[in-house]
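Some notes on the structure that comes next.
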Amino acid sequence: MRELNDVYDVVVVGAGPGGSMASYASAKNGAKTLLIEKSQEIGEPVRCAEAIPSIEEFGLKPEPEFVRNIIKGGILFSPSGKKVTVTQDKAQGYVVERKIFDKYLAIRAAKAGAKVAVKTTAIGLERDGDYWNVIVEFLGEEYVIKTKVVIAADGVESNIAEYAGLKAKKKPLEICSCAEYEMTNVELLDKNMMEFYFGNEVAPGGYVWIFPKGETANVGLGVRDKKKKAIEYLEEFIENGLAKDRLKDATPIEFKVGGAPVSGPIEKTYTDGLLVVGDAAGQISPLTGGGIYLAMDCGLIAGEVASKAIKLNDWSEETLKEYERRWKEKHYEYLMSHLKYRKILEKMSDDELDALAEALGESLDGIDLKKFVKRIITKKPSLLKYFKDLL
């Protein structure tokens, strides 16, 4: 492949939303950029529930090509079935077709000037003076790609950051195991509302979701548990869970599995000539497991910082630390607060989760975690022990 026999300013490893946005920003700002993806097709395999709160700020329009549904809120269910409806006046987000959306973002990067190499796996990384040698495998052959800056957007199983000496590996229980069916004939409560089901029996350390997707719906869950596999919990929910009557005629048309790192961001996301983005960097909500938007925004910042470093002819750690400063200014507080809330929810019994739902009430306008906490403590003082440090 001719793209592998060249020298680049920036090589991005991983063509998920974060990697494609990094490639787009890098190429748009004049850096000679290569985006490599280990799969033979960008967007495959799909590994997530496919919800994203916003795309307009990235200069994207919600094209019918990839948007499957507009989301206006969510319905939360406690273990016993107590319901809390969260709504907003304006559209809260979208459910996208990831296999199309990811490809759309990669095409956008290519149109900005980035080269793309698929079925190309990064198997090593070596320092070569001021450059990196990215060792890749394509169709059984090894290639060495020389580059000034590497952007590691290679997902939860990231090796690139580790090759560069950054600590990115996650322990098993720091990863939420996910399983999901895309199903048809699902009876929805509301075609524009996502559904979430909580409980230590139904999804320990996580939750079940039902996301409307036009003619179909994503029915899945994430768990942090050693007792059973995620798919076993999912099958039990479909057969015996709170939504069983609405799922009795549902049938799967696609099955997806994956993992979401929910332990918060890694300690350091930059070093000489290298930046880490998205799931690889732990830039994903520890509470919801949502990471598409965060990966895109952090990827955009990484691409801008990398291309700026090329123009300065200085891609040292000192120059690249701007990336971590910028993404932390926007997202670090959000991530760490979600980590605190996740740890609180994990300590609660099912009875306490029911009490929590009762305290929140049947409906909420918008999501404001601080207001949630005040309402909870006022209505259910017994839960103060969990939330007192957040006041």
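Including glycine, each Cβ sits where the backbone N, Cα and C put it.
If you take the C-beta of G291 (FAD binding site) and look for same-chain residues 6 or more apart in sequence within under 8 angstroms, you find C48, A260, G278, D279, Q283, I284, S285. According to its DSSP assignment, G291 (FAD binding site) is coil. Per Swiss-Prot, the feature FAD binding site maps to G18, E37, C48, A49, A51, R98, A122, D279, G291, I292.
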FAD site span - longest C-alpha distance across G18, E37, C48, A49, A51, R98, A122, D279, G291, I292, in Å: 28
In three-state DSSP terms, the structure that C48 (FAD binding site) belongs to: coil
